[in-house]
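According to Swiss-Prot, the active site, tele-hemiaminal-histidine intermediate annotation covers His220, on the basis of experimental evidence. For Gly58, Ser59, Gly60, His61, Lys109, Asp114, the entry in Swiss-Prot reads substrate binding site. Here Swiss-Prot flags Asp385, Gly386, Asp387, Thr388, Ser431, Ser432, Gly468, Thr476, Met477, Asp533, Pro534, Gly535 as ATP binding site. Per Swiss-Prot, the feature domain 'DhaK' maps to 8-327. Positions annotated as domain 'DhaL' by Swiss-Prot: 356-548.
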Amino acid sequence: MSQFFFNQRTHLVSDVIDGAIIASPWNNLARLESDPAIRIVVRRDLNKNNVAVISGGGSGHEPAHVGFIGKGMLTAAVCGDVFASPSVDAVLTAIQAVTGEAGCLLIVKNYTGDRLNFGLAAEKARRLGYNVEMLIVGDDISLPDNKHPRGIAGTILVHKIAGYFAERGYNLATVLREAQYAASNTFSLGVALSSCHLPQETDAAPRHHPGHAELGMGIHGEPGASVIDTQNSAQVVNLMVDKLLAALPETGRLAVMINNLGGVSVAEMAIITRELASSPLHSRIDWLIGPASLVTALDMKGFSLTAIVLEESIEKALLTEVETSNWPTPVPPREITCVVSSHASARVEFQPSANALVAGIVELVTATLSDLETHLNALDAKVGDGDTGSTFAAAAREIASLLHRQQLPLNNLATLFALIGERLTVVMGGSSGVLMSIFFTAAGQKLEQGANVVEALNTGLAQMKFYGGADEGDRTMIDALQPALTSLLAQPKNLQAAFDAAQAGAERTCLSSKANAGRASYLSSESLLGNMDPGAQRLAMVFKALAESELG
């Protein structure tokens, strides 16, 4: 089954171009009117007095190359089909459209199709009288013995250098020389957990190695140099850094580009950046470019690192602002700092105290919740994410630990409730921890005001309902908690009646085919009908334990 949002395969590249133009922040992109099979994007603010810088290649590497058209970078980009070089006619058309007397530089990634098609177009353009030079970028170091290293993400840095000198009116020889220098001092290496999905691909599964990563996988899914037996971010980054250090000159300041190959989450890219800043390369890194998606391979689950050796003109070119959609501003690696809060601690202050009755209730409730962990997880797996038992068991173990270490104010219920509310936000994940914290915090405040325990618990319930948005009948723990607390208002010492009310409320959730709160609200009626809400069941079991005890 295809893993790609698109309309028609034949319109895919054109649709991609349209989207890029529509969202251009500088409003400086335009299609070149031509044969429908020729897809060229150009600068609207074209200045033919300057050297034109043209790049392109197969689509599927977005934002390359359209995302780098604009003042200070590319003049035009020629877009082929997905992972297919543009035609000779398309490249020649682009040259003719944007090249003036200053000439043009073609920047080409080192793949056979691109070399041949751009190369023949350059020869034809020269025959027509155009001053054309072509630079082939081969920055991939993953296969060091390869006579023709592939052009990958480092190509974007060459765009930046060439565009800088072209924008400032330098002649073609100078633009070419500076771009060649940049290319010869640019080193890239990629890694991926899996290859990419092609549009409309239904049979072939992306290549992947469970528990492993493929070093040097190509930007079209070509096999890499080796499969490594780890997916640990620090180990992967350090291995890549070792290979970059082996290829780089022994000294010299660097800018390093962190490129998302298309399918890596923002969170993972942040972790990768952190690992790079902790790697043996960190002392030489003056500038970071990214993390960002710059040269992708559709949805490939991978990333690449590119290092460029800095000298004065290269550094200035990299740091100069441009008017493109996707060039990220380089930044120096930042120090991780902490700001000390000037506010007084909001933590609950207390003195531990003893109360045998309260201690017995805390022991009973926490033990009940711990014992219910597996049962509630199984119930939650049918209507949620299968972790409610573990969530409440973790909270129960925390409170029980404080009890056993005699670190609870058992003789001051207002402070005890406030402390429980504070701890629950720390040890309970998700919204459940916050809701129960609201419940106990509000109840504790009501006790401070002189209310009795049942009144305080009902106040906690009211605040839980207000902030959480759920009510009785919404298939949540409130379906058991509210009937039980209502029963206690009428009969404060009748725990059996409270349990009966809670159990009846929990059982009513089996008859409900619609949840109005929590994760269950996203499930179908078929998934809910006949299954008791685990939160309601949990509360009913707590009241059952209390009713059957001799603590009441």
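Note: Cβ is positioned from N, Cα and C throughout, glycine not excepted.
Each of Gly56, Gly57, Ala64, Gly80, Phe83, Ala84, Ser85, Tyr111, Ile219, His220 belongs to the same chain as Gly58, Ser59, Gly60, His61, Lys109, Asp114, is absent from that list, and has a C-beta within 8 angstroms of the C-beta centroid marking the substrate site. In this view, the densest Cβ surroundings among the binding-site residues Ser59, Ser431 belong to Ser59, judged by other Cβ atoms lying within 10 Å. Recorded residues Asp387 (ATP binding site) and Gly60 (substrate binding site) have their alpha carbons 40 Å apart, per Cα-Cα distance. Closest in space to Asp114 (substrate binding site), of the recorded positions given as His220, Ser431, Gly468, Met477, Pro534, is His220, taking the CA atom of each residue. Taking the recorded positions His61, Lys109, His220 in turn and counting surrounding C-beta atoms within 10 angstroms, the largest count is reached at Lys109. Its own atom aside, the Cβ of Gly58 (substrate binding site) has 21 Cβ atoms within 10 angstroms in the protein chains shown. Gly468 (ATP binding site) sits 48 Å from His220 (active site, tele-hemiaminal-histidine intermediate), taking the C-alpha atoms as the reference points. Each of the binding-site residues Gly60, Gly468, Pro534 was scored by other CB atoms within 10 A of its CB, and the lowest score goes to Gly468.
On its own chain, Met477 (ATP binding site) has Asp533, Gly535, Ala536, Arg538, Leu539 as residues at least 6 apart in sequence with a Cβ closer than 8 Å to its own Cβ.
Considering only the recorded positions His220, Ser431, Pro534, Ser59 (substrate binding site) has His220 as its nearest partner by CA-CA distance. DSSP assigns Ser59 (substrate binding site) to a strand in the three-state reduction. DSSP assigns Lys109 (substrate binding site) to a strand.
On the backbone, the CA of Ser431 (ATP binding site) and the CA of His61 (substrate binding site) stand 40 Å apart. The least crowded of the binding-site residues Asp114, Asp387, judged by other CB atoms within 10 A of its own CB, is Asp387.
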